[in-house]
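**Student:** Please read through the structure below; I'll follow up with questions.
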Amino acid sequence: MNINTSNNHDTGEQDQKGVSKKRYMPLLLINYTCLFLGSVSSSLLSKYYFNHKGSNKWVSTWVQSAGFPFLLLPVFLPYYLFRCTQRKPFTRFTPRILSLSIFIGLMLGLNNLLFSWGNSYLPVSTSALLLSSQLVFNLILSAIMVKQKITFTNLNCVILLTLSSILLALGSNHDKPQDLTPTKYMIGFVATIGAGLLFALYLPIMEMIYKKVYCYAMMIEMQLVMELSATILASVGMVWDGGFTEMRKESKEVFDKGEGVYWVTMITNVVTWQLCFMGTAGTVFLTCSLTGGICMTALLGLNVLGGVLVYREDFGGVKIVSTVMCGWGFCSYVYGMYVNNHMMKLLDDHKQNINPSIEMAQPQPQPHSDLHLGLGV
């Protein structure tokens, strides 16, 4: 199918998201579901690995992106097997997009390593609450990079989440495992904050790049390249640190739940991480980077509860207050978004009522058939 390039630039973001609500909303719900299942499950499984004497940070980093072969299915099957699309895989995948995908993939690989370091030393609940600071970074970077408007509700959210993280840092000494030194605890704390900052940078960068991406299928192809790049980085670290040999030894001699459970944990973790990253990428593509950050922050609250329920982690007074402040900031932001969207809708309705003929005279963007089943045609 021939697509007019100038029309693609004219229609912009509406074109990317396909205009058609019949296709847009189900696709968005699918991505939300992937993000929900992937985020909560991967966090708990990563902690399960470390709780049962798994200790290799590169192994934990590697499994976060090693599921990239699963993305080959939605990339190639629709065209070569199901014949439900006329778009060949990697159509319009320019060298510039390839280079950007590789760069972002390497950045994602570094983020995965920082997350593994933090998750290996900190309880799930503490790690999740610290990662909530990524919304603060995301808001600031979105304002700088994609001109996100900062409002009172945004600023209120930033202040509350920042105070929440500081309070948690000052009152979390009792969370340390008995065999964990203060130095390693601080490394985990700093690594987790670094992971949040890097992920917050990743989101607005992806929003900027996605403005040049004209269909959902192309976004999946970019994600495939990014995950491959992150896996190569992690594999280099694994080879340097003897990680592949360590995996075999760890499964047989170290992991206290047995070799079978070890490999089930690894495979399941690979799948859940892939769900998490695909859900995040899809949410940013279909909405914006700030919405992706908001969703991640909301899910971190579930990670906190998951750590308390599954691993019986402490949830004392300081952590309760920190969680309340985090929830308060998040809710204020969501309310501000609701008010803003409501006002924009009223303004649009008012403009249409004043002069509907002007609206009718404007050329209407054609719905993009590239979002057929979310795969592109």
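Including glycine, each Cβ sits where the backbone N, Cα and C put it.
TrEMBL lists these features:
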type	residues	note
TRANSMEM	27-50	transmembrane segment
TRANSMEM	62-81	transmembrane segment
TRANSMEM	93-115	transmembrane segment
TRANSMEM	121-141	transmembrane segment
TRANSMEM	153-173	transmembrane segment
TRANSMEM	185-203	transmembrane segment
TRANSMEM	215-240	transmembrane segment
TRANSMEM	260-277	transmembrane segment
TRANSMEM	284-311	transmembrane segment
TRANSMEM	317-336	transmembrane segment
**Student:** Can you tell me which recorded stretch out of 62-81, 93-115, 284-311 has the most Cβ pairs within less than 8 Å of the transmembrane segment (215-240)?
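**Tutor:** Selected stretch: 93-115, with the most Cβ pairs under 8 Å.
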**Student:** Please determine whether the transmembrane segment (93-115) and the transmembrane segment (284-311) are in contact (criterion: at least three Cβ-Cβ distances under 8 Å, sequence separation 6 or more).
**Tutor:** no
**Student:** Considering only Cβ pairs within less than 8 angstroms, which of the stretches 27-50, 62-81, 317-336 has the most against the transmembrane segment (284-311)?
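**Tutor:** Per the Cβ count, the answer is 27-50.
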**Student:** Do any residues, 6 or more residues outside the transmembrane segment (185-203), come within under 8 Å Cβ-to-Cβ of it, and if so which ones?
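**Tutor:** Here the qualifying positions are 104, 107-108, 110-111, 114-115, 117-122, 127, 130-138, 140-142, 165, 169, 172, 176, 280, 284, 289-290, 292-293, 296.
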